Amino acid sequence: METLLFAAMVIHLMICPYTKVEESFNVQAMHDVLYHGVNISQYDHLEFPGVVPRTFIGPITIAVASSPFIYLLDYMQFSKFTSQIIVRMTLGIFVLIGLITFGNAVGEKLGTGVKKWLFIIMISQFHFMFYITRPLPNIFALVLVLLALGGWLRGQHIRFLWCSGAAILIFRAELTLYLGQIFLIELLSKRLSFKKLLTYGVPAAVTLIGLTLCIDSYLWQRLIWPEAEVFWYNTVLNKSSQWGTLPFFWYFYSAIPRCLLLSLFLVPLGLILTPQTRIMIYPALIFVLLFSILPHKELRFIIYVVPVLNVAAACAMSRLWNNRNKSALRMLLAIGAVLHLVGNLVGTGVFLTVSHYNYPGGEAIMLIQKSQLSTS
């Protein structure tokens with residue numbers, strides 16, 4: 001199943017190989033780390049800093065992980081566009097590691113059948129697989145969120161504290177609204193003591209803030225905590241609304257249905273048939289509700305809840321499939337549940353086709369480069 005997840009990621013990447021403006025900082029940062037190294041005077045961000053500063057920790061991690069392959073490709077005289085594919089694929093692998101870790105924890109909690117259907121459902125849907133190779137702050141944070149959720153389900157509070165802290169303090173401060181709920185659940189249920197929270201949480205926070213302060217202050221050439229500035233600009237000052245606003249319930253009637261496709265209809269059934277899923281689903285839905293207060297909305301801002309909501313759908317799939325031989329009606333329900341995956345794949349095909357033609361800038365640059373090569 002892990003191989004199919006990787007194949008789905010690669011297919012989405014190869015069909016939609018170009019990037020857009022939201023990804024430009026991290027793409028350029030990875031390029032600069034790989035090709036300029038410690039010579040930061042050549043780094044692009046010093047001349048074109050963008051609206052808000054971003055952390056270099058994510059780009060450095062991906063650049064270092066992908067560097068052996070990229071240096072080999074450079075030696076073989078492949079283009080830098082191939083390097084962009086490699087760094088994006090590396091990021092996708094990081095996310096898949098997080099997803100598999102989360103899926104394994106779900107399997108331990110709810111059964112291996114649920115884990116299997118979770119992965120199948122994820123493969124059949126478009127947006128998650130499309131986004132996991134896109135170098136956005138949300139996707140760097142997604143890796144940590146999945147690892148944190150896996151740690152939470154296994155009762156590994158130290159891992160949960162560190163991964164949650166890194167996701168919030170380094171990449172996306174608004175994840176406090178999501179992961180903070182889980183902290184409260186664990187504290188109120190006394191599975192996590194307040195003493196343990198302070199013992200491990202305070203050193204983790206100090207270390208993580210210190211890490212971003214040191215690395216990013218050096219690279220930005222001034223004292224800076226990037227995510228704190230981003231949070232102040234986008235949330236406190238509400239400057240993000242300058243890039244467009246959407247209605248309060250847009251995430252619920254547009255973003256989530258598009259992410260889940262037909263699997264959306266199985267989520268309520270999974271909540272009914274498997275009450276254990278509710279402790280996972282409710283914090284995710286409350287996060288989306290609270291985050292809806294911010295007028296500027298994008299699907300990628302709530303990408304973290306997609307695997308969690310799919311757990312409920314996977315529980316419904318697992319129950320329907322396991323009971324298929326008990327009666328003719330249950331067999332029909334099981335067949336209908338399986339056929340919904342076909343519907344998902346059809347929707348994914350449509351989204352992939354549209355997205356393939358949604359990068360005219362990338363196509364234009366490639367045509368210019370090919371023209372220059374042919375005339376040289």
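Here the Cβ of each residue, glycine as well, is placed from N, Cα and C on the backbone.
As given in TrEMBL:
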- 1-21: signal peptide (SIGNAL)
- 56-73: transmembrane segment (TRANSMEM)
- 85-105: transmembrane segment (TRANSMEM)
- 139-155: transmembrane segment (TRANSMEM)
- 161-185: transmembrane segment (TRANSMEM)
- 197-220: transmembrane segment (TRANSMEM)
- 248-272: transmembrane segment (TRANSMEM)
- 301-320: transmembrane segment (TRANSMEM)
- 332-354: transmembrane segment (TRANSMEM)
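Across 56-73, 85-105, 139-155, 161-185, 332-354, stretch 139-155 shows the highest tally of CB pairs under 8 A with the transmembrane segment (301-320). Nonlocal intrachain contacts for the transmembrane segment (56-73), taken as residues 6+ away from its ends with a CB within less than 8 angstroms of a stretch CB, comprise 26, 29-30, 33-34, 82-83, 86-87, 89-91, 94, 135, 137, 140, 170-171, 211-212, 215-216, 219. Only residues 6 or more beyond the boundaries of the transmembrane segment (139-155), in the same chain, are considered here, and those with a CB under 8 A from a CB of the stretch are 26, 57-58, 61, 91, 94-95, 97-99, 101-102, 104-106, 108-109, 131-133, 163-164, 166-167, 171-172, 175, 178-179, 182, 186, 191, 280, 300, 303-304, 307-308. Same-chain residues lying 6+ beyond the ends of the signal peptide (1-21) with a Cβ under 8 Å from its Cβ atoms: 27, 81, 84-85, 88-89, 92-93, 96, 99-100, 116, 119-120, 122-123, 126, 129-130, 132-135, 352, 355-356, 358-359, 361-363.
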